[in-house]
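**Student:** According to TrEMBL, the protein carries these features:
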type	residues	note
DOMAIN	1-249	domain 'G-protein coupled receptors family 1 profile'
TRANSMEM	14-39	transmembrane segment
TRANSMEM	51-72	transmembrane segment
TRANSMEM	93-116	transmembrane segment
TRANSMEM	149-173	transmembrane segment
TRANSMEM	194-216	transmembrane segment
TRANSMEM	228-252	transmembrane segment
Amino acid sequence: VLYRFQQMRTVTNLYLFNLAVSDFLFLCGLPIAMTTFYYRKWVFDGVTCKLFYLLTSSNWFAEVFTITVLSADRLYLAVCKSSTSSRYRSNKITHTVCLVVWIVSVVVMLPIIIYATTTIEDDYDDVTCSHYCLIDLPKIEPLSNQQAFVLYSFVLAFIIPVPLISFFYFSVLKEMTKAGAKKTSSQVKRSKKKVTTMVLSVITLYVVCWLPYWIFQFVVVFVGVQMQLIAIILNILCYANSSINPLLYAFLSESFRKNFLQLFACFRCRE
């Protein structure tokens with residue numbers, strides 16, 4: 001839709017496209033995750049282990065970093081600083097920001113990719129053993145390898161971005177409350193409200209889907225509780241986040257729906 005329709009290449013849509021790319025990469029790792037859950041062990045080689053964590057961590061970092069800059073742009077600059085934001089809200093700057101997001105994400109992912117490896121561990125019966133794919137970070141006393149990995153990922157993918165996103169969120173609520181008393185074109189109000197609602201929906205969905213996952217990871221590595229069924233459910237929830245995001249774009253953006261249907265009609269006409 002962005003490629004076909006020039007008018008759809010707005011700043012917000014470019015950020016949403018960047019978000020869709022990270023979601024797509026994350027979903028590419030789903031067959032590997034499903035196979036691992038089915039066999040309850042790692043059945044692939046070491047290269048695939050690194051590839052799996054590359055796809056997974058691209059969502060951890062690239063998605064949340066994109067949501068953060070999307071929040072700053074759509075929720076803060078466009079709404080709270082609308083009179084002075086035009087100089088920062090150009091497509092050229094947006095492309096640059098998206099590139100920086102991926103560069104920072106790759107840098108953050110490097111330790112995960114480098115230390116992703118397969119290992120052999122004893123099963124519960126202490127007779128058989130199985131292969132596992134994990135992040136074998138250098139031990140940082142008093143943390144274990146897995147504790148260091150979870151803490152590293154959680155801080156960068158959740159603790160730092162989410163408070164920033166929350167700040168932008170509440171700034172918008174405050175601004176919209178003020179704007180309610182001002183005389184503004186009803187059409188402009190509706191347009192701003194629709195786009196803001198879509199962005200807020202993306203943010204809320206991310207927090208709802210990922211917060212339980214990170215809490216569970218902490219329980220597993222710091223308390224030592226193993227709950228396979230809950231682990232599967234929470235992983236499904238994370239993959240559901242990436243699957244639902246495109247539906248949010250489609251159902252909450254009227255212009256996206258119209259252009260998508262028009263594009264689909266063009267393909268049918270060609271056939």
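Using the three backbone atoms N, Cα and C, a Cβ is placed for every residue, glycine included.
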**Student:** Which range out of 14-39, 93-116, 149-173, 194-216 gives the transmembrane segment (51-72) the most CB pairs under 8 Å?
**Tutor:** 14-39
**Student:** Below 8 Å between Cβ atoms, which of the listed ranges 14-39, 93-116, 149-173 makes the most pairs with the transmembrane segment (194-216)?
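**Tutor:** Maximum Cβ contact count belongs to 149-173.
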**Student:** Would you mind listing the long-range same-chain contacts of the transmembrane segment (149-173), meaning Cβ under 8 Å and 6+ residues beyond its ends?
**Tutor:** 57, 60-61, 64-65, 67-68, 71-72, 75-76, 79-80, 108, 111-112, 134-135, 137, 143, 196, 200, 203, 207, 210-211, 214, 217-218, 221
**Student:** May I ask for the residues of the chain that lie six or more residues beyond the transmembrane segment (93-116) and have a Cβ under 8 Å from a Cβ within it?
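**Tutor:** Distal contacts: 11, 14-15, 18, 49-50, 52-54, 57-58, 61-62, 65-66, 69, 73, 133-138, 149, 152-153, 156.
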**Student:** Please give the average pLDDT for the domain 'G-protein coupled receptors family 1 profile' (1-249) in this predicted model.
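**Tutor:** Across the residues of the domain 'G-protein coupled receptors family 1 profile' (1-249) the model's pLDDT averages 79 on the 0 to 100 scale.
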